[in-house]
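To keep things clear, I will list the structure first and then write my remarks on it.
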Amino acid sequence: MFYWLIELTNTFPSLAMFRGLLNVFRYITFRTGGAVVTGALFVFLFGPWIIDHLRLRQGKGQPIRADGPQSHIISKKGTPTMGGLMILSGLVVSTVLWANPLNPYVWIVLAVTLGFGFVGFYDDYLKVTKQSHSGFAGRARILIEAGIALVACYALVRLGRDPSSTGLAIPFFKDLVIKFGWMYVIFGAFVIVGAGNAVNLTDGLDGLAIVPVMIASASFGLIAYLAGNAVFSDYLQIHYVAGTGELAVLCGAVLGAGLGFLWFNAPPASIFMGDTGSLALGGMLGSIAVAVKHEIVLAVIGGLFVLEAVSVIVQVASFKLTGKRIFKMAPIHHHFEQLGWTEPQIVIRFWIISVMLALVGLSTLKLR
């Protein structure tokens, strides 16, 4: 919306004297900074009201797994969930205010984010109303997520109108691209659905998921800015995707809204993100990675999410095949709880790992 202020100087000659001042709204970097501040302020201001409303509506709050760490039954009982509504509200308001409203990439990513958020909201709703840890049926949930992701990937490929838009670039190699053709739509959907559920599995401790999400968002905001700039992408020899630079504004909105949410989610949490937030944010990261053609880099920057997801897959597969569990409990953050690590130790150490993985992922931009 603010992006259009510069157009007012062209429509109304009397405002021409303000053109120099309003010209800053042309710059993605300025609007990204504005999105960060707006997202954070929105959640800071409206967060307490949302938390009180959810606590009143939910009563007992999110049901705690009986087979999970016993400490959670006492420390986390009664805490409301669906805190993702705070993040999504701040994200949407900030993005609408600061992003170019004519950019299709912004709307596609927002659609995926809100679509996954709705699926997560319904899952949270069932858990709270039934007071059961089992919510939305797994297969039905995955099918809906896959449908949203397939439509989004098809739209992204159509936007690209370039043979490379259906290819997979390999980091560290300048010209190595695996060409999928239209099968890329299926691959891209797998990336989006996988990212959504990986973040969902990570969200098991206070503050554990939101900071790695913010780190990944900041990283992909930079990648989107570079990939959407013809000069920078040519210098770095990465795939140029015209228009994706605007996704940096959306990433800034996520960073700001995430900072606001962390204020209330810091241990001991006043509210949980819930599937409403974790599925939405994971789907957002996946769709941005597909849009800017850095799918493999997402697996590096979001390596913590990959680790959490793989730990669950390995645990389930091992138990079904051998009757034995590899980890004391999955996802892997619960394994460390069982080993005696305190919740703050796990959370902060996982944050450190996320920072290191982000630096490794960003280094792939230059190492070609």
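Placed from the backbone N, Cα and C atoms, the Cβ positions cover glycine too.
Swiss-Prot lists 34-54, 79-99, 102-122, 140-160, 176-196, 207-227, 247-267, 271-291, 296-316, 345-365 with the feature transmembrane segment.
Across 102-122, 176-196, 207-227, 247-267, the stretch most heavily in contact with the transmembrane segment (296-316), judged by Cβ pairs under 8 Å, is 207-227. Residues 28-29, 32, 87, 199, 233, 236, 238-241, 244-248, 250-252, 254-255, 258-259, 261-262, 265-267, 269, 273, 277-278, 281-282, 284-285, 288-289, 291-294, 297-298, 301-302, 304-305, 333, 346-347, 350-351, 354-355, 358, 361-362, 365 of the same chain, all 6+ positions outside the transmembrane segment (207-227), place their C-beta atoms under 8 angstroms from a C-beta of that stretch.
Here the transmembrane segment (176-196) has long-range neighbours at 112, 116, 142, 145-146, 148-150, 152-154, 156-157, 163-170, 278-280, 282-283, 285-287, 289-290, 295, 298, 302, 305, 309, meaning same-chain residues at least 6 beyond its ends whose C-beta is under 8 angstroms from one of its own.
Taking Cβ pairs closer than 8 Å, the transmembrane segment (34-54) reaches residues 2, 80-83, 85-87, 89-91, 93-95, 97-99, 249-250, 252-261, 263-264, 270-271 in its own chain, all 6 or more past its ends.
Distant neighbours of the transmembrane segment (79-99): 1-3, 31-32, 34-36, 38-40, 42-43, 46-47, 50-51, 54-55, 58, 61-62, 106, 110, 113-114, 117, 120-121, 124-125, 127-128, 210, 246, 249-250, 252-254, 256-258, 260-261, 264-265, 269-281; these residues of the same chain sit at least 6 beyond its ends, with a Cβ under 8 Å from one of its Cβ atoms.
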